[in-house]
Amino acid sequence: MTLAEALLNGLKEHGAAELFGIPGDFALPFFKVIEQSGILPFYTLSHEPGVGFAADASGRCRGSLGVAVVTYGAGAFNMLNSVACAYAEKSPLVVISGAPGISELQGDLLLHHQIKTLGSQYEVMKEFTCDQVLLNDPAKAPEQIARVLRSCLEQSRPVYIEFPRDLVNAPCDPVPLLPSTTAEPQALTDCASEILGRLATAEKPVILAGVEVRRYGLEDKVAELSRRLQLPVATSFMGRGLFSDSDCQLIGSYIGMAGDQSISETVETSDQLLMLGVIVCDSNFGVSAKRLDIRHTINASDQEVKVGYHSYQQLSLTELVDELLNQTEVTNHHASPVKPNYPRNLEADDSSIVPTDIARAVNDLFDRDGPMPIASDIGDCLFTAMDMDNTQLVAPGYYATMGFGVPAGMGLQASTGQRPIILVGDGAFQMTGWELGNCRRYGWDPIVLLFNNSCWGMLATFQPESSFNHLDDWHFANMSASLGGDGVRVQTRAELQAALNMAVATRGRFQLIEIMMTPDARSATLQQFVEAQGRRTGMRKG
Ligand code: TPW
């Protein structure tokens, strides 16, 4: 077997479902093997940020490896922001970059795509990934690739593999599966019993579940734990979409000052808050992290469990949840999830559209036809998603990069086969909306709900006095036909409902619904979020 084949088989055996990429001359030999071997399905897109987001979404929604393959320099650096997003939001993304051949390294001649030195890219990637390897020795490569892929899965963070183009066909052994790293058994037992002891004596214990629960495939186990302990469960903002298929007493998503105040109160007044895999950040907490009293929190994430002010190191969330289950009695107690009061029953009249109407229309659709997964961009579309039924959601809720939604939805459909709803603002659509042009050749048919308020609305909410936040009218719906899909512009609730029904009924082509709204039509959640953020940063008085 060759080094390229060993890498592709290794990726597959470690859980990769497909590859997304854009070639370049430093990557052409590897791309040739990718195509000819057919080891993994392979999709090319148009712009490297989209490649990174699509691969990230694949990894997120399957809790396994997403893979992005790019060329050296221009390709890899073009994708850096997506890698940053995956790092920040703990997504298991494998970045593979073609590179100059070993035989090209001698001599004074600069190579194209080179910045300072030929090692610059590797150094930059060290900062954006949790483990890296330069495949310059086929004898060591199997072990090195195995280590890097294990790091990717165990830490659920991006890793970097640099592949010199003249070693693609070098003979190589298969990539092994390394044993997973495990916690010190006594530390694990003690940690779990300390946690259970604290929960047993608390009056109002609550579980707050975050993204790691999905990343490590722990939804059912955490749901089981909550039933055994009879604890209510809230998800973080980033964890939205968790437990959509699980039986637990889900009370909704905690977004601090920006969200439902009864959920905020339950979480903030809990005298023992068990945070499982939560990214403790401003957006997750609706900028109210200070409201949590550390003495009464248990925070398990990043292979560490902090109990009040002390911590247990090198202990994964998976091991912790398993041990908590070990130490608790099986019950046949059924959960009684609180049915959140999401808006539904859209009045299909001639009124102009506001974001809540879009949530209503989507919830009505789910009531009729069953839930669909959602990929959302950042912007008011994501805050509006908080008013949609709890279905699978991928979104950059913490790193908050624009441009995620469209390619992420495509990655989601590629890897799961499910038809997604994509939520995106006009500003973000200007960045990566063009990737939709790649749907036709792969048979993807996402339904895209484009929130067109003709502005960078979130920014305009922060700073309404600035006219640079206004955007021109690009008539996105008109562009759909040439991109291989169907597009329609809607101005009223009746038109929105009709367009959504038509989109659902039409399979095989992407369906773009360009929803026209006034710049000041925004969700209550966005308004509250911006006000809370403004108070915290002093950007806005309120
Ligand atoms: C890659 C900064 C955050 S929100 C926003 C900007 C420019 C406006 C988004 O406008 P859109 O949605 O998509 O029309 P809406 O609902 O606000 O009207 N560059 C990147 N990422 C971010 N987050 C920014 C800039 C930003």
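Any Cβ shown, glycine's included, is placed from N, Cα and C.
Any TrEMBL annotation is an automated prediction that lacks curation.
Mean pLDDT across the domain 'Thiamine pyrophosphate enzyme N-terminal TPP-binding' (1-115) comes to 95 in this model. Per TrEMBL, the feature domain 'Thiamine pyrophosphate enzyme N-terminal TPP-binding' maps to 1-115.
Taken residue by residue, the domain 'Thiamine pyrophosphate enzyme central' (194-289) breaks down under DSSP into 36 helix, 19 strand, 41 coil. Annotation comment: TrEMBL describes 194-289 as domain 'Thiamine pyrophosphate enzyme central'.
With helix defined as DSSP H, G or I and strand as E or B, the domain 'Thiamine pyrophosphate enzyme TPP-binding' (378-514) counts 65 helix, 25 strand, 47 coil. Annotated domain 'Thiamine pyrophosphate enzyme TPP-binding' per TrEMBL: 378-514, in sequence order.
According to TrEMBL, the Mg(2+) binding site annotation covers ASP426, ASN453. Counting only same-chain residues six or more apart in sequence, the Cβ atoms lying under 8 angstroms from the Cβ of ASN453 (Mg(2+) binding site) belong to ASP380, GLY425, ASP426, MET517, THR518, PRO519, ALA521, ARG522.
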| said: I'd like the Cβ neighbour count for ASP426 (Mg(2+) binding site), meaning other Cβ atoms within 10 Å of its Cβ, all protein chains included. | reply: 25
